[in-house]
Structures are given as C-alpha cells and as structure tokens.
Amino acid sequence: MSTETWERVLWKQQPFPDNYIPDSFLSALKKNANFRPYSYWPLSLASCAVTQHISILFIFLVTFVHIYDASWDPRILVWLSIGMFIVGYLVWEILEIYIFGTRLGDFTSLANALKSSVLVFLSLLALSPVLRTLTASTSSDSIWALTSCLLGLNVLLGDYTPPRDPKRIRERLTSVLSMNAAMSGSVVLASRLQDDISVFALMLFSIQMFALFPILRTRILLTPPATRILLTITLTGLSVYLTCKVSTIVTCILICILVFVTFAAPAMLVWSQKYKNELRGPWDVAVPQVR
Amino acid sequence: MGPSIAMISDFFHPVVGGVENHIYMLSAELLRRGYKVIVITHSHPPDRVGIRWLSPGIKVYHIPFVTIASSATLPEFFTFLPYFRNIILREHIQLIHAHGGLSSLGHEGILHAHLLGVRTVFTDHSLFGFDDAASILTNKLLAATLAHVDAAICVSHTGRENTVLRSNIRPSLVHVIPNALVVDQFKPHQPAKPVSETITVIVISRLAYRKGIDLLVATAPKICAKFPNVKFIIGGDGPKLIDLLQMRERNLLQDRIELRGPMKHSEVNDLLNEGTIFLNTSLTESFGIAIVEAACAGLYVVSTKVGGVPEVLPNDMISFALPEEDDVVRAMAEAIELVSEGRHDPQRAHSRIRNFYNWGLVAKRTEKVYDFAMNSEPTELPERIRKTLALGPFVGPIYLIMLVVDIFFFRVLEWASPREDIDYVHRDWSFDNFVQFAGQHTKKSEKSIENSEFSSVAVGSEE
C-alpha cells in the first residue's frame, strides 16, 4: 500500500491525502513558450515609421503657420503639392516594379490615377469656400484644442506595422480612423485661413501628407533599411529645420519626441521584456485546428 | 457532529447547471451525515425570494440582490455583510463553503467571514487562462479572496494547478475532490442491446465555441463519409446550432445527423441509451461530468484531451484525440472499430463507474477538508493585512481599504442591530423528530379526537 505511486487520476481511490503535492505538480506548466525576444536595433528601425509620421505632422503644422500668417504664398504650396504627387506616384510605380516585378507600361492604372486625382483636385477647389467659412462662428481657441486632439488621435491610431504579406496590402487603406482624424483636423485648421486659395492649398497638402503618404509608407517599409533610414533622416531634418524657424520651444519638444520614439521607446520595450511571464498549460482553451 | 455549514454561491437551484447540482448534492449528502447545512444564494424575483426549503431539508436563503449576467451578482463587497451577519449568527454557522470563481456572493462571504470568527472553504469549479482582460481581472479577484481562505477544493488536478497559479494560494491548502454523479440516473440500456450494424454517436453539449462545436462541424461529415453505418444524434442548444444545421444541409446528411435541440436533465439518460459512442469535443473542461455520465450509461467515450478530461476515466473506457480535425477522425475510427467488435461491455463500465464516483465519497472527503479548515490556525488581523498588501502595489491598498472599512461597517452593525435582538434558530429541522412527532400525533388523535389542539408544534423551529 505504501509503495503505491501517486497517479494523476480522479477515478481511483489513492492512499494519499487530497492535498498531497506530487513531484509532478505544475510540471505541465510552460513559461514563455511562444516568446521571441526583441532586439534593440530592429525595433529602433521599425519605429522609424512613427518618427516619419511625427515629422510629417510637424512639417504640416509649420506649413499651416506660414500660410496663416501669409508669409508663404499658397500658390507655391499648390504647385509643391502637385510636384509631390507626381514624385510620389513615380516612387510608387518604381516600388511596384521593385517589389512585385511587374512590367512598366500599364497605362490604364495611370489613367485611373490621373482621373481620380483630377476629380479630387476639382472637388476640393469647389469646396474650399465652404470649408473656409465652416467654423466662422467658433473661436480660434476651440479650433486649436480640437485640432490637437484630432492630430494626436491620428498619431496614436496610425498603422505603422510593416505588412507581413506584401501581396495583400496593395489595395488596403491604412488605419481608416487615423486618416479620418487627420483629415478632420486639417479641415478645421483650414477653416481658420483667410482666402479660398489658402484653404485649397492646405487641404491639398494635407491629403498628400495624411492620406497618400501613409499608403506609400507601407510600401517603403518593404525597401532595404538604408532607404528607410535615409528617408527618416531627411524627413526629421526637414521638420526640425522648418520648426526652428517658427519656435525654439516647439523645436525642443519635437526633438525630444523624435529621440524618445526612435531610441528611448525601443530601449524601454527591450528592458521590460524581462518581466514577460506567459503561462501556458493544460487548462488553456485549446485552439481547434480545422482545415 | 461536525460544524454547521453555510454554502454560499450565486449559482443555485432553480438555475440548472454543474455548480448548482454540485452544491445541492453535496448539501444533501452532508445532511445525511448529520451536518447542519444551509445555502445562501441570490433571489429570483418574483417568486423565489426569502427562505425556501428543499428536500431533504436544505434551508435556502435568497438574498435580494440583482444579477448582472449568467446568474452572477455584482461584486459589491459590502452590501452582503448585514444579511451575512444576521444569517450566520441566527443559524450558528461555524464554517462557510463558497462555490464558483465568478460568484461574487461567495467571494464576499469569504471576505466577511473573519469578522464573525467563521472558517472558510472555497471550491473552484472552472479553469481560466491568463492572457485575456477578463481572466486577468477575475484572477485578481480570486487571488484577493483566496488570501483569506482556510482551505480550497478543486475538482481535478489540472484545476488545482490552475487555481494555485491564478491565486498564489499555498498548494497544501488546495484539495482535489472530484465531482460525482447519481449512478442510478445513468443506466445502460436494459436488456443489453445486441451488437448492431448501425453505430449511433451521441453528442450532448451546449452548442458553443468553448465546447468545440467547430471541431464537430468539421469532423462529422468526414466520419459519416468514412463509416456508412454511423449515425449522429446531437442534443443541446446554443449559438453554434446554426453551424451544425448548415453543415448537415451542405453535406446532405439529414438522415444521418439528428439534432434534438435543448433537453431536460431527465431526458439525458434516454438519449444516451440510444447510442454506443459518446463524443465530446470540448476545448476546455475542468472535470467533464458529461463524459462520466455517458460512460456510466455504458457508452464508449471519445474526447479531446483538454483540461481535466484525461483524469476522469481509466484509459480503456475512453479514447483521446488532440483538438485537431484529423485526430478526432482517427480517434473516432478507433472507437468505432472497438465498439463494432463488441470489445466494450456497457454493464461492466456501469459497475466500474459505480465504484469510482459517488456523492457519499465526495461528502466524506469534503468532511476531511472541513476538519482541516476548522483545525487550522485562524489568521489574525496583522497577518491578514500583510497578505492583503502582498496582492500587488495597486490592488493591495484597495483591498486593504476595503478590509478596514468592512471592520468599521461591522462595528456599526453590531451597534445598530445588537446580537441579542436577533431571532435565533433554536432547533433545527430533523426528519427523525418529525416522524416522532407525527407518530405521537397520530396515536393521540386515535385515543381522543377531541384533544386535537395538539398540532404539529415544534416540527422545526421555523419562523
């Protein structure tokens, strides 16, 4: 009787007390079974997408400030936007060839892109008087507060994940909520401007920055790290340069944010991994494997 | 004569379920063994309120609390104390036994028990994970409660490991006592069915994701295609019923797969008797009473190997499958072969289960846990405070505040409703007394009918 070994069964009366702790207690427990530790530099590189987005946001804000105090001519901004659109479209097509290996010379897609861009261009032009007077009865203070919230939301909700399967992202919009927040933010900002052409220029620019660039960015994430680092440095440099002409304090804040996002945040994530404690065992709800 | 016991749970009759049935059967069995047992649960307005008696003499207190979801009350932490104090004092309760990890009434009872010097036992009936928000929250609640418990009971070894991990309780406090069943309710088909050509597979389950109905939907057509002599009968209702109906439609299996819909507990044995194999595709199961019931009714069991399932039956009464489509088909093929060769004897299976599981045994083992709890050293207040603070930097202080407020609240109650004003129960219900009094009464009324003002006084001592 005393030589009997304990068995992990319930149907048998065993000569052990009910609170007997067998040697095999918790032996089925697996800790951090599916855990893949992050390393610092790949994380830092992945955070470049966030850095780029923040830089873009500040470039947009500086542009607004200049248009608002009429130190920049809105017409130049319109031409700049058109130029950016063309450059962006070319980059898009080049990446299409580079990633998917498609042949150049598919003119139907070019015609489609041209058609829809002209459509957006004209409808924005037609809408700008409406947008200009949209918030005429609201005080500017409320607009600044509202815009900060909306743009903050845009940064928070943005989709910065590199696509797992490059074929699947071709038609996907990045986080819809994020883009909507940015567009609403730009609309209320634009409604503070003096004349129709300024409103039109700012809206055109914001579409480039917040709707089209994130789509291009998911594709840029598939390019070699060197390209991404170069792009990030260019954008951060540009944003810091433009911001320092407007305000020193804001520049300091911007630099702090950028350094934090690119270098400190990944380090914190790597550090916090030592607290990772994933418990797996037979009590977990099994995942049925059905073909 | 052991301690007077109060079972506390949100889950009790008239709701039907595993925990509900467990509490009822355990209470009945403890009563038979001479304990005094009452049950405290929430009310079911409009008619199930106040105090009710259930056969064979279980007194049930229905506390007027509102339920939120699936018969659980809101975790309020303090509102139960006035009722709790009153009931514990008037019934002279020495030990409370809370059931169910999601029963806030039970948790609250354990948190208040030390104020009245009452010992506590907790039974955990279910398994929880660690990675979703609901589990993280409820695990914290459980840890906070089990820090104050004198002994805990789990229904399987897997459940015990899970509870220990979730609540950080000392493993030596946790006992494993399986569920049981009323063996006479599940009998094999009489007379024994001859080995027939058609093999009927029975599935009785709530048709929900956690019961692995997706696996059933995937495997049933394959099994039907592979074995032309197999037929399915599926009992139960739930959100996945529609998936089963679609599967049957798509594969034109209307004549091979029968869906019986929701069923009463009393109909289960009749359905089990129609089949020879019981299939369970659950994705998680702390004990799996349905498996034991089916085995008791003489069916061969095929089940996914999850949770406590591998512990409940000896290996020659059950075939295990991984929760994968192909493996379920493989295990079913194995079982069909075994059954069609007549290698499974229903009568023998039934008599074996009779030896494995019965409520008398469960009560006897639970009794030992009660002794363990009664004889353990009570936790003093400084130790309680230390344990509460050890819960965590955020939860610890919150629970400490609750502990302190609870003590003050208790003092206020002691002052507002003094103990000497409470209606105490002086004599408890006893069947023997009843028989004796009733007998006397009949004899007397035979002697002199005019002397009939002697009515059934003091049958119990109930208000």
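Backbone N, Cα and C define each Cβ position, glycine as well.
TrEMBL annotations: computationally assigned, not manually curated.
The transmembrane segment annotation in TrEMBL covers A:40-64, A:76-101, A:113-131, A:197-216, A:225-242, A:248-271.
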Long-range neighbours of the transmembrane segment (A:197-216), counting only residues six or more past its ends (CB under 8 A): 53, 56-57, 59-60, 63-64, 67, 74-75, 77-78, 80-81, 84-85, 88, 91-92, 120-121, 124-125, 127-129, 131-132, 154, 158-159, 173-174, 178-179, 182-183, 186-187, 189-191
Among A:40-64, A:113-131, A:248-271, stretch most in contact with the transmembrane segment (A:225-242) (C-beta, under 8 angstroms): A:40-64
For the transmembrane segment (A:40-64), distant same-chain residues with Cβ under 8 A (at least six beyond the ends): 72, 77, 151, 154-155, 158, 160, 162, 186, 189, 202, 205-206, 209-210, 213-214, 217, 221, 225, 228-229, 231-232, 235-236, 238-239, 242-243, 245-246, 250, 254, 257-258, 261-263, 265-267, 269-270
